[in-house]
Each structure stands twice: as C-alpha cells, then as structure tokens.
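Structure first, commentary second.
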Amino acid sequence: MCGILGIVGHNDVAAQLYDGLTVLQHRGEDAAGIATANGSKLRVHKGNGLVSEVFDAKAMALLEGRVGIGHCRYPTAGSEGSDEAQPFYVNSPFGIALAHNGNLINTDALRREVFEQDRRNVNTESDSEVLLNVFAHELDTQKALNPEATFRAIEGVHKRCVGGFAVVATVLGLGLVAFRDPNGIRPLVLGKRQGNGQDEYAVASESVALDLLGFERLRDVRPGEAIVITPRGELFTRQCAEPRMHTPCIFEYVYFARPDSMMDEVSVHKARMRMGQKLGEKILRLRPDHDIDTVIPIPDTSRDAALEISNVLGVKYREGFIKNRYVGRTFIMPGQGERAKSVRRKLNPIPLEFRNRVVLLVDDSIVRGTTSKQIVQMARDAGARKVYLASAAPPVRYPNVYGIDMPSAEELVAHDRTDDEVQKLLGCDWLIYQDLSDLEEAVSGPKHNIEYFDSSCFNGEYVTGIEPGYFERIKQLRSDEAKKTRRA
Ligand SMILES: O=P(O)(O)OC[C@H]1O[C@H](OP(=O)(O)OP(=O)(O)O)[C@H](O)[C@@H]1O
Ligand SMILES: NC(=O)CC[C@H](N)C(=O)O
Ligand SMILES: [Mg+2]
C-alpha cells in the first residue's frame, strides 16, 4: 500500500515532498523516491530504505524544481530490489516520471502489448513501470502536449489498465498529472494553498500529508477522474473513465491509513472507533456475563477500536504491550521469517497487567496470524488466567489483488478454517471477529458517506472481475515460498 504525493509550488518542492513522505511512511517502508521537474531537466533519486535513509543533503540539493512527485513503497509486484523503487522514468515522449499506489491485474497481457504493439521496453517486473509505459505510449499518440491531450491519453490508459491504481506523474513541459482508478479502490486526495500570490496544489494518498504541508483539503479525486496542474498553478480536471461503482478499499480503514487522515469523506479515526463500538456490542450480545478484567490493544493500529470496546463493556483499558518504536510495521515486511522475528522484537508485555487476569486482546485484523499467535503466548507467559482475542475486522480469507500483498489464500490463517479451528491455532481461549456488515457500517458512518466497498479479502468478491488462472499465477510469483526461493 504505497504512499504517493505530488506538489506544484511557487518554489522548489523537494523538501516538502520529503516531509510529506515521512507522514506517508507507514504505507511503505521498503523503498522511497522523489522526482522533480525543472525546465528541461527531470531529476530522480530513489533507493531501498526509509525516507530518512534514502535521502541525504547532497541528493536533496540536486532535486530542483517547482513540480515534483514522491513515493514510498510496499511491493505488491516484482521484487523488493532498488531497481523497482519508484518513481519510474521514461525519456519519451517529453520525459515522464510516475509513481503508483495499487496493483494492476492484467500486467502480463499489458507487458506483451507494450512490447509488441507499442514497441517499448519494460526493464523490471514492476506493474508500475508497465503502467508508465502505457501512459507514455498513449501520450505519444496525441498531437499536442496540453491538459486536453493528456486527458485523452489517460482515457486510453483506463481502456487498457485493470486493477487498483492511484497515480501521480510529472511530464516535462506540462506539469503535474494525477489520476485514480475507475472504482476509486485506491485513495487520492487534492489540496490547495496560496504561496507568493499563486495557487499551489498537492495530491496525496492521505490527507495527513496535506495537513503537514499546510494545504487545505479540497476534496478526494473522483474515481476515474484525472487532474493536470501546470507549473503556474492552473488546475484542470476531467472524468476520463466511464463511471463505475465507487468501491474504496475497506482495508485502508482497518489497517493501512493513519487515523488522522480523512479518506473519501470518512475520518479513519472515527471509523476505527465505530468498529470498536460494534465489536463491543457483539461481545455483549454473545457473552452478557463475560468475565473480562481488562481490554488490552495490540499496538499500534488497534488502539482506537480497543478503547471503544472497553467503553462499551465497561471494563478497564490498559496498555499491556510496549511497542519498540524502532521496529517497523510487521505486516508490510516482505518475508514471513522477518515478520515472525519482528513481532517479538517489537512488542514486550508489562507482566503486572496480565498476572491472574482475564484479558481481552484486541487487534485491528488477523491476517497470517503471525502477530496474534505470538501475542497470545506472551500474554500467557506474563501470567494471564485466560486470553481472549478480538479482531476489529472479519476473518481475512481471500487474496487481495489491488495493492495489498496478500497473494496466496493458503497463507491466510482463516482461509478454509472455521473460527474454532483458527482459535485453536492461535491458542486463545475465545476468538471473536467483527461481522462484515458491521465493519462496512462502521466505515460508512451515520452519514453513509460510502455505499459500497472493495471488501474482497473478506468476501472474495472482486469488483474488476478476475481472469481464470490469475490467482494461481500470483501465488507462484508472490507467495512467501516463491519470495524465499527468489532471494536464495
Ligand atoms: O495476522 P498478521 O499477519 O500478523 O497481520 C495483522 C497484524 O499486522 C498489523 O500490525 P503491524 O505490526 O504491521 O502494524 P501496527 O503497528 O500499525 O499495528 C496489524 O495491525 C495486525 O496487528
Ligand atoms: N503497494 C503498492 O501500492 C505497490 C505499487 C506497485 N504495485 C509496486 O509493487 O511497486
Ligand atoms: Mg498491528
């Protein structure tokens, strides 16, 4: 679930892109990059690591220009190598750099098409490089370089690319370009501010980046909409794909996004609180005479939900696990070995919050079960009398193909298992999951801001349709086993 950011300012934007990427860091910790456009020069600096590791003063000084884009990566296609860090660059037509959050599901066919029909070379296994080459080809077929021609090119991209995608690009001689997939699966938000008497704009995966940089959040980019912003601060927008059902990814609200972001007019923080309320009510319905002494969150993401569960149950909320802030998010790490080791390094119990108590541990989601299995054991070792586990999301049973790296159903602890079987596997005394209808209501909120969701990892329904054999193929390419073999 990468983070993307694009800015058009009245002076150099690299430092602001850097700052913005630091608050999108939770969306991808594997690689980072920035591209800036300055007159006839497009400069790109990228590499593996956190934003703070990839850039030094020398690299920043070279990133001149008032138009720029940034990216932090969590791979869902290709490898974790530095050659697949983003933004990607092509020199023709004009010089384009592009950064992408999401995942294309027709990459193989597109790759062939790009080579055979468009006569373009894609040098990596990245779907994003394929997407860039499709855009470049479509722009090349236009007679002029202006917003109108760019929108026609993006119409062409929508006709060819299938999947989840939010994109920022900079085209030399044009400015900043941004667009979102026709179902609005991946998020993208637009902001504006004044700088030196000029309108300045930014587009970002999450509104928290706009807040930090002093941009006012104008609105979300609409599904299928495209935006062009010239270096002078002129904004052009156009619907470039047939309207389809708007189905934002529900997992953004469960886990990916920061709680201080607004996405598609929904506060992530409030959505998580409502998840907690609903789950608390379900616990009371199923066990009105429960014996829970304490509610304990599994930090970080489950805190909002856990606090509300404790309020609904009328039971104490306690921080029982201390998180080592120098260890990254485990779920977005590329390999299972690394993920498993990191949980213990990351979380350590405070024994007095467990000794002789019946504890309800709360997590936002249980995906591979890596975290919860170890946490349950840690709670027992710390002296808990009974360990219950609540998940603010329903069982994750199906692969995600739109930008979350869950390619193989067999790796999901709840795939093909009953709740009882999962409970046994995780070793807890009671396991309780949120119902999907409750989760969807919790995110949609009292104003019903979102009607439909991409909830595919919970219900196996894929809004774009999936070609036969696709799941088998991504499993072969991207399962933990396949990644291990590739690295060896
Ligand atoms: O069942 P699993 O495969 O372990 O995946 C789910 C866990 O991973 C995530 O935590 P993560 O450590 O990535 O980030 P967080 O600190 O934001 O909670 C998520 O919040 C769950 O705790
Ligand atoms: N998580 C993402 O958005 C990934 C973007 C792209 N598919 C990549 O692997 O680089
Ligand atoms: Mg977590």
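Here the Cβ of each residue, glycine as well, is placed from N, Cα and C on the backbone.
Straight from TrEMBL, the features:
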ACT_SITE  Cys2  active site, nucleophile
BINDING   Thr301, Asp363, Asp364  Mg(2+) binding site
DOMAIN    2-232  domain 'Glutamine amidotransferase type-2'
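Projection of TrEMBL feature records onto the structure.
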residue	record	DSSP class
Cys2	active site, nucleophile	coil
Thr301	Mg(2+) binding site	coil
Asp363	Mg(2+) binding site	strand
Seminar exercise, completed: What remains of the binding-site residues Thr301, Asp363, Asp364 after requiring a CB under 6 angstroms from ligand 2 is none
Exercise. In angstrom units, rounded to an integer, how far apart are the Cα atoms of Thr301 (Mg(2+) binding site) and Cys2 (active site, nucleophile)?
Worked result: 17
Exercise. Neighbourhood of the Mg(2+) site (Thr301, Asp363, Asp364): other residues with Cβ within 8 Å of the Cβ centroid, in order?
Worked result: Val254, Tyr255, Pro297, Ile298, Asp300, Ser302, Ala305, Val362, Ser365, Ser391, Ala392, Ala393
Exercise. Reported as an integer number of Å, what is the Cα distance between the residue listed as 'active site, nucleophile' and Asp363 (Mg(2+) binding site)?
Worked result: 22
Problem set entry | Spatial neighbours, same chain, of Asp364 (Mg(2+) binding site) - Cβ under 8 Å, 6+ residues apart | Val254, Tyr255, Arg272, Met275, Thr301, Ser302, Ala305, Ser391, Ala392, Ala393
Exercise. Including all protein chains shown, what's the count of other C-beta atoms within 10 A of the C-beta of Thr301 (Mg(2+) binding site)?
Worked result: 24
Exercise. What is the one among the recorded positions Cys2, Asp363 whose Cβ has the most other Cβ atoms less than or equal to 10 Å away?
Worked result: Cys2
